[in-house]
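Report on the structure given below.
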Amino acid sequence: MHLSAHIDPLQIILCTEIDEACIQFIKSQIEGIARACGPRMQANFEGVLIPYVDVLGKFLYRACCLRYATMGEEAARIVLAKQDRSKGLVLATTGERMTSLIFSLVIDLVGVHVNKLLKQASYSSSFKLPFGLRNLLPEAVISKEKHLVYILNSFKPILLKLVSIIRFLCLTMKGHCATVSQLLLGLKYISLDEINPEEKKKVLTLLLLLGSRLIASILQHSNSYFDQHTISSITDERDLEDKNKLPFIPEGNRKCSLCMEFIHCPAATECGHIFCWSCINGWTSKKSECPLCRAFSSPSKIILLR
């Protein structure tokens, strides 16, 4: 089979969009299985799994497509190949796709743990920067480390989206691949269709598509950011790790069943269960029910505890 090195970057975008839709479908099925396990088991199960659902969904989808093309590759008419010194362009082997999958899995897991550390740091009153980093930063910056972590955590979705777009643009235009692991392994996408070499780089269209992603992310985050700060302006920053705050709450109920951390800004549903404000607000925005007893609960009925 003769393979041509030409490819339209828009084919890679189409491939990633379709693959992402498939991954989101698998993610929704995982959440459905968790709901079918019963309310209490569901809350405990999702409390541990929620940060890893995206990683698990991506791993399951990619693992099922190791020996075959993904849905995105089929639709975009592209294949994953590698440059061989003697044979030229050859199709990527199952082993190479497996290695790429493992690399991507490790990178995603590191990202999840960094995300958890940022969240814990923004909530913890005793958070300190690592010793090595404290030595590198000016004293004025160190004195405001808690505020820096809070700002970084608040605008993290926009920063991640911006980094993701820049990374994807560089990989697509220069490496003809979609992930860092593919670039490290020398894998790249090639088109099964004839591409005019002079028109294969539609930079303007590519920038418009990726720019629209960033704008959508900024608008979405701005709405949630202002919503959170409207609420935070009328609440104090209570953390139930301190037993002196809201002492009437039993010690066994001072951890959120959704994030499995000490409850931050405690809020109660109509049925009386207590969670972090951000956790239960996000939950009821998607499912109008209590995570523990499945009683009806809407975001407008959540009660902030003072």
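Note: Cβ is positioned from N, Cα and C throughout, glycine not excepted.
According to the topological domains annotated in Swiss-Prot, Ser28 and Glu270 fall on opposite sides of the membrane. A coil conformation is recorded for Cys259 (Zn(2+) 1 binding site) in the three-state DSSP classification, outside any helix or strand. Residues 3, 7, 11-12, 14-19, 22-24, 26-27, 30-31, 90-92, 94, 96-98, 101, 104-105, 108-109, 112, 182, 185-193 of the same chain sit 6 or more residues outside the transmembrane segment (53-84) yet have a Cβ under 8 Å from a Cβ within it. Other residues of the chain with a Cβ within 8 Å of the Cβ centroid of Cys256, Cys259, Cys276, Cys279, the Zn(2+) 1 site, are Ser257, Leu258, Met260, Glu261, Ile263, His264, Phe275, Ser278, Ile280. One way to see the shell of the Zn(2+) 2 site is to take the Cβ centroid of Cys271, His273, Cys290, Cys293; the remaining same-chain residues with a Cβ within 8 Å of it are Thr269, Glu270, Gly272, Pro291, Leu292, Arg294, Ala295, Ser297.
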